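Reading through the structure tokens given below for one structure.
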Ligand code: BES
Ligand code: ZN
């Protein structure tokens, strides 16, 4: 019997969950020298103390969960019935489980006796005088539920001892369909006729299954699940497995009970259910899996792109891993309110609408690419994560780093024209290096306990550094042996759990190379090396002298005990720029290398393909010889990108002067490659933000215009015949950059096209919308902002709403900035998107930066409460404060969060403060020389 759906009085506790910033959201930061002392004096370097934490006792564990849930989509409550087949290993009279924000009504344990005889008190009962032994099932009712709210646990106490053996734990409970986008929560949507309704959906990773049902919520405590949902009969009900039964619910003809097939053995964080109104498109993949993409009602068409990608991806992974997808179906579903980008629940992958839906006319090229990457990522987890799961969250990087690497392999397979591996370098590799150069970074493998510590490591280290070191490893091992090792790992540990060492062992067996020794230097210590290299011509050969030191954002490491890495290094020359002439494993602090037969006029470059996770500093002579390769494009694109990025970070670290880098940037006049431009543009954006603290901001805008005008003129506004995906991305990037910098011709054309768009004369192509919106807003007035807000209201697609939300912060006047900030918290903006509106304001202008910070302080309680801590709070803080470049702001930020704690953002806050100090030092060090250079350039412009 279901209990009356009274709203439970739930013990509210703050908890958090969180993903990494999508690669698209790049707002960055900076660096400087001799910082470390300063950080210590501000008390910024030490991480706060760890919260006490204990894993669940191992005396009782689940074998199968039989779980029935009945959500109430009007009252936002749910009732649950759990019958868990459990194994008692050690006699006990209590069971400790995870449980949060749930009220248990009754709990009992029914032991199962040996050979079918059930023994109540540990003994077998005999009926006197009878030869017959009878069995019975004494239900032991729990007499106490002791909630440890802080620990998100409940201890069920029983009046008698539960003996070793198996039995069934029965729990009836009630909970709330919360609005915090975690656990079992409600998501708001509007029907095609305009009515507001709610769906009930789940997000359990990392530690929120315990908000939907009492469970052993740890990744290594695997079990099977029999799930049923009791739902209104006109709603779609989905879970990990296929439906096996659907029957009327007693006493209510509007309700049905939907029963799903038993799952394989799996972790709790991968369980999912969805109840709502959806349409779908369906296909069967080459390997026989039924694939569906669920969309909002009336938008099935928008699921077709993801459906195609998924149908291609499943067989790709099956071949790559040589292990079939183990479930009969996979659903991909777009959820309106969704905190992360997507979640890999086994057989029922959930996505933000913008990570799944593509409209042939209204979606831009970067959205398509994003959808392909996210689908590739989540489907990879179906093997790597779901079939084989990390033993504990310390090994989260195995899941996320691996999926973040192989999503590129998969997209490269499906869409070779995206040149996606070059994009990997600017999206993941450089982003990881930027974070990992901080004193407040952390090793890839990091000991974590409390949920807020777990949430904290869904960051660029686990994702982007993890993916980067796997890319380096794959290159070092070679694809054939890498695949062999992967297959070994997935076969050996299927349905089980594994740790980092287990993967190394398999790859070591497959390749015969010292994988653990090499990789431990990358995953167990934070940071990465700066390789210094100088060369000498010795007759026909080139002698290279290499040395490694830890690279810090404040300059090379200056201590005695400098960490060391085992670095796979490749070396190429101008004779064949795409081929490694030599590969070595640098396993010492210093090494000499002889390159045979290299003519004196040939250049020599390290790190072919920018695959090794290190930065390179060349002697001036070597650098000098490489620069013509940028201008004449003889260096491969990803090498041009890597070289520029290394130089930029060396300048931020005070190792070379920023003016040197500006000169190198000018050498990119002939650059045709989108990704190379994108990375350069990103760095120029960082520099612009820094110089917005000076009175020569306009001069750097002139520089931006000069660098981008030639490519802008070459591209024009309209696609030319034969152009593809990357041309569309490049055009959007360049026009946006020119428009933002106030390039006159671009601004005029943007205004003209915007007017035609608004008047319905000529709708802007999807790829031109972001740059045009940004340009007209930045150089517009209140009327422009009002038009944008109107377009936002009218937009039917979330992609278009997000597009607008992200550029609103470009507006310049203080009143309009305030209006945008107020809008960020309004009903018009989905809760997960508030962060990008406020972040856009902070990154949009000097005044915006101050206004956003004030807004966060003034509205802290509401913002914190909205996300209950969680990764969105980290992202909000990062986007909003890391643009500061004045020492005292680091102290102010630190002080604010001391009195307004955000546990899952602690490390982010430390990183932000460090970045602020680094910015300030950079500015002090280089502002004057940059200014002089820009003035002198203006007086006598360089000839291309
Ligand atoms: N497992 C994560 C989802 C997640 C993130 C759960 C953070 C809990 C906390 C999922 O596989 C993922 O990584 N999603 C990414 C998208 C991906 C393409 C990088 C995300 O949500 O940003
Ligand atoms: Zn993932």
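Note that Cβ sites are derived from N, Cα and C of the backbone, with glycine treated the same way.
Curation does not apply to TrEMBL; its annotations are automatic.
Same-site candidate for Zn(2+) binding, as annotated by TrEMBL with 377, 381, chosen from 353, 400: 400.
Annotation note: residue 377 (Zn(2+) binding site) sits in a helical segment as assigned by DSSP.
The CA atom of residue 381 (Zn(2+) binding site) is located 13 Å away from the CA atom of residue 463 (site 'Transition state stabilizer').
Distance between Cα atoms for residue 378 (active site, proton acceptor) and residue 400 (Zn(2+) binding site): 10 Å, as a whole number. Over all protein chains present, the Cβ of residue 377 (Zn(2+) binding site) has 27 other Cβ atoms lying within 10 Å. Sitting within 8 Å of the Cβ centre of 377, 381, 400, and not among those site residues for Zn(2+), are the Cβ atoms of 344, 378, 380, 384, 385, 399, 402, 403, 404, 407. Residue 400 (Zn(2+) binding site) falls within a helix when secondary structure is assigned with DSSP. Separating the Cα atoms of residue 377 (Zn(2+) binding site) and residue 463 (site 'Transition state stabilizer') is a whole-number distance of 11 Å. A Cα-Cα distance of 5 Å separates residue 463 (site 'Transition state stabilizer') from residue 400 (Zn(2+) binding site). Residue density at residue 400 (Zn(2+) binding site): 25 other Cβ atoms are found within 10 A of its Cβ, drawing on all protein chains shown.
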